[in-house]
């Protein structure tokens, strides 16, 4: 760029006296500067009028090349207001964020001195520029030094100005099919690259036909392209695998060269002006001026930009323009061009002798007279559209955009006789009309009345017509959707004043699609009480990576569903999932026949894999970094001990090397290169499993603040257009500063304050001189030492503060939105400005989705300790069914060892399928039985006495069966006492108590329902002395003669009794043969879970199993609405005829399906492992397919008893 020059126009600032001060001090004043020729302005300096009380405190800038089409200076997508002076002598300089290219500058005072008047001394800084005019015929052909070039790197820049919505700015192509093109289409800029391997097109900008200058910079290195339009940059990669752009001997500017026009498809040449054209360091503009390039196609090459003949008119919501026309004419002819974002507005109104005519927009369509709609698409797209209305006698015709085919012709019920006055813009005062005044916001130009162009200069001078709040010679239209303010590919729509975002399908929500809808890890879902399954996660929160689906195993692992080779996008997803995990693993396997793997012990590996950071690794699953071995080489059990991999033995039989890759910094596997595949007879099969990770360090990254003066500080961060902050906290203090970030003029602050019996969280921030404060009140105090979550977000549409996901305040931004904050000082967690800091624990602090490492910084900070304790206070309720919450450094876990359940929250049923003759026996050691029974309270908190003679107990279990009779549960003793639950021959349930003192056992018969119906049922029996309760609802009492103690408990039998000594003969004779066939689950006797002990081989317990026992939960799941109808009879089902019919049909279907499975069982058992010991096809299938019980789970309901 040429050196910057000072242009002084109104007394040099800092040097002289005087200055500009208009006679009238109001908002209609302006100062226009003529630079003599087109210049590039980079800075402005202002000062008040010398030795006076006159200065300008705020101002705006307009610029133009023609004095007819003014454009406001924009910054951050808004019409910018500059901060001016606060006295007459101070000097204020602004470096323009975007340089101005223009001949004329208008200085518009907005606010001024309250003690005096408007006043200013003004300096502008800039340099000269040269322009080339294109007439639609001329094309600049820049020829390379060689006929063909292979270009790895491109740097192209230019500036253009046009009123045409279509035209080719540059084009180059080669005989191999490569090409580059920059073209205007519908006033948007398209940058295209292509080759025989792929085509890439990127679109940027809008409203580029506004007759203002726009700058373009294209930088390409291999396939990576930075495409910048008006300082907004898009980064993309071209499709295909090419690195070089093969072009023929030239590249053209302003259109297509003659050689490619036959295949151009009617693409138009550029009409307008260009300047600053450079290509790979060559200044094309200077070469044209020096006649060093081919410009022979130009009819008249000029270096000035012709002024546009049209004059734009800008209308706001209170504007109108009144123009005169012919009176008493029988012909009405009006035409104009307009552009707007609003779907509704009145374009033109005129009165006739006996009626009136209006031309307007309704729902984006042009309407006239009796609201006759055009058949065009919506026209509120911001582009210029022309409208021509002609009415003659009883006939009217409307043409839009010059399209004769779409012209609407209609008859009208009145005879045309014009009134001579025409209103444009829709807002007109003191008119007695029947027209609905709908203000038009937008721009008009090329206004014709009676087929004559309107003389807007005469209107401006007051010679004809009138106007109100109209800006002539400018069109201040702004495309608020370019660049797209909606994040994460949200769809932007707009009106004249604002924009809105449609976030559907993005995975985000909020005013700008900034807020993530999904959790950042499986760990977060887990602590919301979610069960294992498939979930969407968003590891970087509001960051750029889109959410993706993973499988969450709530016992601690997550697994990405995408296996094998991954694309760069998927790799990035996996990297984010990996980044915060505590442990990761990925399974790899190489099955081979005469295909070597690592070529051990000393050769170069034939196969390697690529992991994170595109690094190459030559170790295999089961081994580690730097060790060129497979798992068998580490364990010394390879097929041939001379090699470190089974496949390296190069055998003709199939072998395999498999194992887990666990070095997290190398994962995930993104590519595997297999080399030894070219030999005859060589075969191999590669398997790459899903990346599986456990834990989330970010979720539990925490620090404890023990002093109100303690804090953590972090480097400053730059605020983007959207910023979000979220964290968890728990405290016993009523108030304290969570965090703050102080700047010279801007700051951010989040604080807890106790107010009376409630707590309030405050979120405040400054933008310039504006202070914004939001507060959310909690109905209960927050100093309860429980975890609470704070989420704060600020974007250009609104500021949001949310507490615990339910209490929320939203503050909408002003129409122009909040601007970006400047650089802050350090970020302080706690208070650093003398206020009382936060006392308590904070964790999972994230800013814009990035976790702030509290633990690491807490290691070196006074008064702050890494980590937190006391998680069970907030999350202990998630441990269900008697599970115990156990504190951990980075969270908590549920101890299910003394329950009949499993899983992370003790909610997973543990059960088994019993075949004929199968039994489970749990023995209590004589000396330890009492201790084992009394150490822990039972599920219902029924106490266990200190002696082994029980006066109270609780038995809980679930079962399903289609066979009767049978023994479900039998609890024996070292005396003749026992407790038994049996199914009788008719399928009804019987509970038998024998505690001594009676000649016969005390029995409870439930005669109202057949339990052997294949459906799951739940049984809960509780006894306290003589009172026996069934499922809490029915109460029975032992006879007075009965003993109240179950003496010397010995064993628990499930399914069948196999016991020595004296046993109730009725049990043995009636119910013990052939034994229980079906499912039992959730079996718990006080604190003992015998069935769980039998199915968990790792548990040390006195358990024994006879027969085949297959893990199954019997399809049991809790009911939310109990089907029992009577408190006195829990098995009485109140149902109508329809229910009984449905129940009967279902039973028949169950038996038919069961019969079918039995009938076909002989065909399956020959192939099923363990089928030879199964007594039916059902058992054989279940033995070999544990998922079989899941199908039962989907079709069954559970009945509680």
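Backbone N, Cα and C define each Cβ position, glycine as well.
Here TrEMBL flags 1-127 as domain 'F5/8 type C'.
The domain 'Laminin G' annotation in TrEMBL covers 131-305 (among others).
The domain 'Laminin G' feature in TrEMBL is assigned to 310-475 (among others).
According to TrEMBL, the feature domain 'EGF-like' maps to 477-514 (among others). Outside the domain 'EGF-like' (477-514) by six or more residues, the chain places 74, 77-79, 204-207, 210, 232, 314, 339-343, 382, 441-443, 536, 538, 542, 544, 546-547, 721-722, 724, 793, 795-798, 800, 815 with a CB less than 8 A from a CB of the stretch.
Assigned with DSSP, the residues of the domain 'Fibrinogen C-terminal' (513-564) fall into helix, strand and coil as follows: 5 helix, 17 strand, 30 coil. The feature domain 'Fibrinogen C-terminal' is assigned by TrEMBL to 513-564.
The domain 'Laminin G' feature in TrEMBL is assigned to 701-868 (among others).
Taken from TrEMBL, the feature disulfide bond covers 841-868. Within the same chain, residues at least six positions away from residue 868 (disulfide bond) with a Cβ under 8 Å of its Cβ are 702, 703, 704, 730, 841, 843.
Residues or ranges marked as domain 'EGF-like' in TrEMBL: 869-907 (among others). Listed by sequence, the residues of this chain that lie at least six past the ends of the domain 'EGF-like' (869-907) yet keep a Cβ under 8 A from its Cβ atoms are 523, 526-527, 529, 531, 554-556, 695, 697, 699-700, 702, 730, 785-787, 841, 936, 939, 956-957, 1081-1084, 1087, 1089, 1091-1092, 1099.
Residues or ranges marked as domain 'Laminin G' by TrEMBL: 923-1114 (among others).
According to TrEMBL, the transmembrane segment annotation covers 1131-1153.
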Count of other CB atoms lying within 10 Å of the CB belonging to residue 841 (disulfide bond): 23
